[in-house]
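To start, the structure itself, in structure tokens.
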């Protein structure tokens, strides 16, 4: 292996990490701004021009807060909780294709940290680990509210992972690959998967709300019942890590939604742009398009948050187990029938 | 017309318990409707008033801070009759009367004046009854936009004559305006 590939990948990793952090940081500002706008208010606008420095001020505040630790027998787990939440939120970005490729210095640079062929399985594995961050943190807090929040989060995320996985199976049957790069390439132009698999998209969207613990599924931290749920006992930057992880995973799940269903970096006329303007310019536009899609989904998350109230816990479980899972199994069956329609017709003798 | 169907306000609605249709039970239509409503609010006019820079427009009969007036010659009107203190529902006003010395004729209009005149701004409810009660046109609630300034000490909220009496410059200006008209 030559050393250039190490440099190339390191640069991509650094850039992706920085972008994820900045996006998560400014998601906090966007959340507050959009919340304000949807409620006919203005929102934070004192720190910097139009409140642009508000995330820095918030971060500084969290850093300077007193670090409080509950009298817990598991100090180690208490520290590990937010670390797991944060690192799992960041790890998923490794397999996202941010663009097709650049042609620089006489070589093709693939705009992806690692193009593993089972990227979808990797994402699901990381998402499953994400539960541990919340579970361990809530359990090590030695607080009944935290424990209840953690238990809620655990059962909710495990339940919705099933429906999420099943909804993706229908998509994978169609694409025939687990690699996100392959899936992106297949959706070239306007062949976006959302037009072929709308039901799968709807189920995946609802489940990703539940997986990121966003309203209407934020029962793990509902303020009115559990004070703060799993992060009740956390203070200072450990608290900040949990909040930050939530926004980072929101960014990542918006990216996954955009890549899986909305064509990723594809836009109508990308092949024409590659021919006429060159690979680099076409892909810069592609990256911009991908980020526009991601920003729309982040906005959608926030928009839904300030529209729909929180579910009751039994309603949440009812929706997950008795509606979404059967629906996604039905979707798999329909997809299978459509894929095998010629064989089926031949078998029936038409 | 039976008593059940009469609606005086015109807003009476019949409660129905009918079964929801399949489309209604999906809730997706209702969610989309809700999203559209919140989206409309995204573009609607914001109601926030940016306080220190912007100030809410006040009513023409707005009652602000009190002022003890002076007449055209700059003499204090107040005679310490105590009617304002008597009328005050919050019992915020106290005063101590004193007799005018012969060499103080340019300071006080009548033979008696208020040596001490204090309003407790923590008690005052700005009702304006003191202004109504005053027989000498001495106390007024101005339209001043400056509210009582904040402070850490309770004593700072008891306003004495130093804060309440109309400044001399203002009295001079008022007289000049009056003479000009």
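Glycine is no exception: its Cβ is also placed from the backbone N, Cα and C atoms.
Some features that TrEMBL has for this protein:
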DOMAIN    B:69-98  domain '4Fe-4S ferredoxin-type'
BINDING   B:78, B:81, B:84, B:134  [4Fe-4S] cluster 1 binding site
BINDING   B:88, B:124, B:127, B:130  [4Fe-4S] cluster 2 binding site
DOMAIN    B:115-144  domain '4Fe-4S ferredoxin-type'
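Structure with TrEMBL features highlighted.
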{"residue": "B:78", "record": "[4Fe-4S] cluster 1 binding site", "Cβ contacts under 8 Å, 6 or more apart": "B:68, B:113, B:114, B:117, B:136, B:138, B:139"}
{"residue": "B:81", "record": "[4Fe-4S] cluster 1 binding site", "Cβ contacts under 8 Å, 6 or more apart": "B:112, B:135, B:136"}
{"residue": "B:84", "record": "[4Fe-4S] cluster 1 binding site", "Cβ contacts under 8 Å, 6 or more apart": "B:93, B:129, B:130, B:131, B:133, B:134, B:139"}
{"residue": "B:88", "record": "[4Fe-4S] cluster 2 binding site", "Cβ contacts under 8 Å, 6 or more apart": "B:129, B:130"}
{"residue": "B:124", "record": "[4Fe-4S] cluster 2 binding site", "Cβ contacts under 8 Å, 6 or more apart": "B:66, B:90, B:92"}
{"residue": "B:127", "record": "[4Fe-4S] cluster 2 binding site", "Cβ contacts under 8 Å, 6 or more apart": "B:63, B:89, B:90"}
Could you check the binding-site residues B:130, B:134 and say which one's CB has the fewest neighbouring CB atoms inside 10 Å?
B:134
What does DSSP call residue B:81 ([4Fe-4S] cluster 1 binding site) in the simple three-state scheme?
coil
From the centroid of the CB atoms of B:78, B:81, B:84, B:134, the recorded [4Fe-4S] cluster 1 site, which same-chain residues not already listed sit within 8 A by their CB, in sequence order?
B:79, B:80, B:82, B:83, B:114, B:130, B:133, B:135, B:136, B:138, B:139
Identify all same-chain residues not among B:88, B:124, B:127, B:130 whose C-beta atom falls within 8 angstroms of the centroid of the [4Fe-4S] cluster 2 site's C-beta atoms; report them in sequence order.
B:84, B:87, B:89, B:90, B:92, B:93, B:119, B:125, B:126, B:128, B:129
